[in-house]
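Worksheet: the structure to be examined is printed underneath.
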Amino acid sequence: MPHITHSEFLLEQLKRQRERSFLCDCTVSIGQAQYRAHHNVLAAFSEYFSTQSVDAGREDPTITLDPESVSSAIFEKLLTYIYTGDLNMDREEIESVQKAASYLGMPEVVARCTLSQDNIKNVGSPMRQAEYEDPRSPLSPDDYEPLEPISEVEERELLREDRAGDDLVSMDEAQSSSEQTPQRVGKRGRKPKTRLYEDEFEVETISAQRGRGRGRGRPRGRPRVRPLSSDSTDQSPAHQAMSPNGSSTSRGSGRPRGRPRVRPLSTANEDPRNVEDDPAANKDQEVEKGNEEQKKETGEKDDGKNDTDNPEEVTAFKRGRGRPRIKPVSTEDQTTNSENVTTNAEDGSEPAKTKDSEGTGRKRGRPRSKPVSSEDPESVISVEISGEEAGEETSQDAEKHTEEGTEDSESNPGNSVRISKRKRILSRKLKESQAGDEEEEEEEEMDDEFENDNEDWAGEEEVKPVQDKHRPICNICGNLFSEMSSLRRHMRIHKGLKPYQCTLCTRSFRQGNQLKTHMRIHTGEKPFTCTSCDSRFAQKCQLVYHCRMHHGEEKPYKCEFCGAAFATSSNLKIHIRKHSGEKPYECGECGKRFTQASTLMYHKRRHTGEKPYICDTCGMAFAVSSSLIAHNRKHTGVTPYICLDCGKPCLTAGELRKHMDVHNDIYSLKKHSILKHNVVPELETTQTSKTDPTQCPLNIPIDHQGLIARVRSALVDSQDHEIQMEPPLPILPPETSLTIQQSAEPQMIIQHADGSEPSMIFQHAEASEAPMLIQHGEPGEQVSYVVEQYEIPATAEMEHTQIVIVQTID
């Protein structure tokens with residue numbers, strides 16, 4: 001993957017945001033064409049937009065350009081240049097682009113347009129111009145001189161490539177000859193092929209002629225030739241012939257791609273005399289190998305010189321990138337290996353790699369082992385700092401550890417191989433995740449990682465188990481999540497981002513599945529069907545709620561205060577607010593508070609007058625969706641609510657509850673019977689109701705409610721009241737004449753509570769003992785009263801000792 005600079009990455013992200021109209025807060029209008037863009041980006045490139053953006057503000061984000069000065073086609077090119085840095089224009093468009101750039105105040109574009117029109121045919125970005133100026137890049141057809149035919153140039157390029165191919169073939173032949181030389185034998189008895197890399201100067205010359213291509217099979221961004229450390233001081237003549245100035249001694253043979261790496265014995269190619277004289281040669285090799293690796297990684301070029309000057313100090317094996325380090329083995333293994341190497345060297349045969357020596361080093365992809373307790377870390381550090389002195393100290397330490405290792409190996413042979421539990425756990429994970437042939441870049445990262453682990457392990461006394469991966473946590477609210485993707489979706493709540501927008505109603509959502517569910521409202525799709533009835537739903541949660549409400553399924557959410565059960569947790573949460581009195585939703589207009597957000601929304605529509613729900617049949621609008629549903633039942637004739645007592649159909653549940661009051665109130669039933677069925681109620685019912693005046697249900701006009709309440713309270717508070725029981729009241733016919741006499745000391749008063757009508761003062765005639773029926777008002781709108789007289793003790797609140805209770809008869 002090519003390296004992308006910070007500026008290129010920023011431009012690419014801004015371009016993608018503009019293409020998606022994400023965070024675009026400016027609209028540029030040219031005639032009928034409109035372009036969405038970002039204020040700050042336009043203002044950064046244009047002086048015109050920097051002034052217009054301030055004047056426009058938030059109320060009017062549209063900026064209109066003059067089509068005569070800036071056409072839509074030219075503005076598209078300039079807009080592309082602003083967001084990408086590429087300005088592509090033909091010779092005929094240079095003048096128009098220059099005019100538009102001058103109008104918009106873009107001096108950089110004006111400077112480009114002032115160049116010669118003959119030399120500007122396709123003005124690109126500065127990056128592309130640098131590629132054209134690079135002599136190593138392939139020539140484009142426009143760069144050839146017009147007098148030279150293009151066909152001849154192509155033939156010349158083909159000849160150059162063929163010549164470079166011949167050079168590579170000669171290198172392959174030298175490689176095949178080098179493969180015939182005796183090599184180390186792998187642990188399975190195979191002889192891995194060894195390929196000699198070409199000289200740096202020759203390969204760089206060939207690659208420069210052919211262009212900047214990467215080698216076949218090599219990863220992107222990796223050089224074709226990589227110097228390796230020497231695998232052996234004894235090399236074949238073919239090796240020495242291919243490496244002038246003895247440079248091949250400092251380079252080793254790499255394995256072909258796809259071939260397994262073979263880790264040689266620490267004494268495989270070493271002089272037998274050195275093995276016999278120095279029993280700690282393995283550790284010297286490991287330390288020297290680490291020194292050479294550090295020099296090679298830091299870019300030092302004096303590896304070959306140091307190796308040739310001191311051939312005795314050069315170890316037989318030097319670890320390349322990703323190669324395992326060798327752990328010192330016990331004395332028995334070292335002695336056995338030394339004897340085997342000496343015997344094989346005298347016979348002239350290749351020393352074989354044994355299983356014992358194989359187990360002491362880590363395989364490819366395994367972590368470096370932690371030093372055992374018998375090893376002295378200070379000796380390792382001293383060896384890395386100095387040369388011969390470090391070797392002597394290491395030899396002494398090795399002899400000391402050999403004596404200890406002999407006893408340990410006899411008692412428990414596994415101590416010399418297994419180091420720690422942590423190593424075992426990490427090795428298994430890495431072996432599973434890194435199966436197959438890994439890239440060398442990954443091996444370098446592993447080396448760096450395990451080197452840091454070795455530093456940590458050097459200071460540890462006890463082996464600690466591998467800790468689990470930390471769960472992602474929100475740094476704002478502290479919520480924990482199982483995955484980073486869940487945390488990213490959660491952060492949209494705090495940032496207020498809703499990137500998913502509906503194209504039909506412009507509603508926005510935080511997640512894509514929310515938009516998918518919302519689209520079912522427009523399409524009418526209802527994929528979830530109830531198994532008990534034919535109801536269908538757009539969401540699964542709606543189906544679950546339906547089954548719990550209408551089909552007897554258990555309601556799992558119960559109130560801890562009153563025991564009421566609910567189908568959803570949200571309904572329970574709203575119900576608990578009734579007990580706590582919490583009303584978190586407040587109206588900004590009048591300050592009224594509500595327990596639900598939906599109730600607040602409906603309340604706000606009273607202030608604004610908004611009625612978004614419109615009937616498709618008659619066009620009537622409503623503020624609440626339930627009102628529209630009840631209204632549609634008038635057109636369809638559907639009456640889902642029916643009274644069980646009389647069978648009356650009702651449109652809504654509220655209408656049914658209001659109707660049930662007729663059956664529960666005896667006087668309301670009497671009124672209903674008289675009005676609807678012309679049936680006079682029986683007198684026994686009236687007589688029975690008079691036995692207790694305090695419990696007498698009276699149905700009187702609303703303006704007499706206050707008087708009745710005072711009468712009942714007076715009757716209850718009085719302990720010595722006596723009620724004069726009268727015979728059943730005869731209702732006089734309307735034509736009966738009544739005598740109403742004026743009196744200064746009235747005995748009976750009828751007065752409306754609101755004072756809308758004048759007081760009526762009357763009394764009985766001397767010869768009359770029965771109550772009378774009084775009618776007053778205009779003809780056609782007369783109100784009839786049945787007068788009943790009660791004698792009660794006078795109180796401070798009552799003005800008269802006699803109170804009249806009246807009942808209206810329709």
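We count from 1, first residue shown onward.
A Cβ is built for glycine as well, from the same backbone N, Cα and C atoms used for every other residue.
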Correct range for zinc finger (source Swiss-Prot, candidates 24-47, 528-551): 528-551
Outside the zinc finger (557-579), six or more residues from its ends: residues with CB under 8 Å to it: 541, 544-545, 548-549, 595-596
The zinc finger (500-522) - residue tally per DSSP class, helix then strand then coil: 11 helix, 4 strand, 8 coil
Helix, strand and coil residues within the zinc finger (557-579) as assigned by DSSP: 11 helix, 4 strand, 8 coil
Folded-back contacts onto the zinc finger (500-522), same chain, C-beta under 8 angstroms, at least six residues removed: 489, 492-493, 538-539
Integer average pLDDT (0 to 100) for the domain 'BTB' (24-91): 76
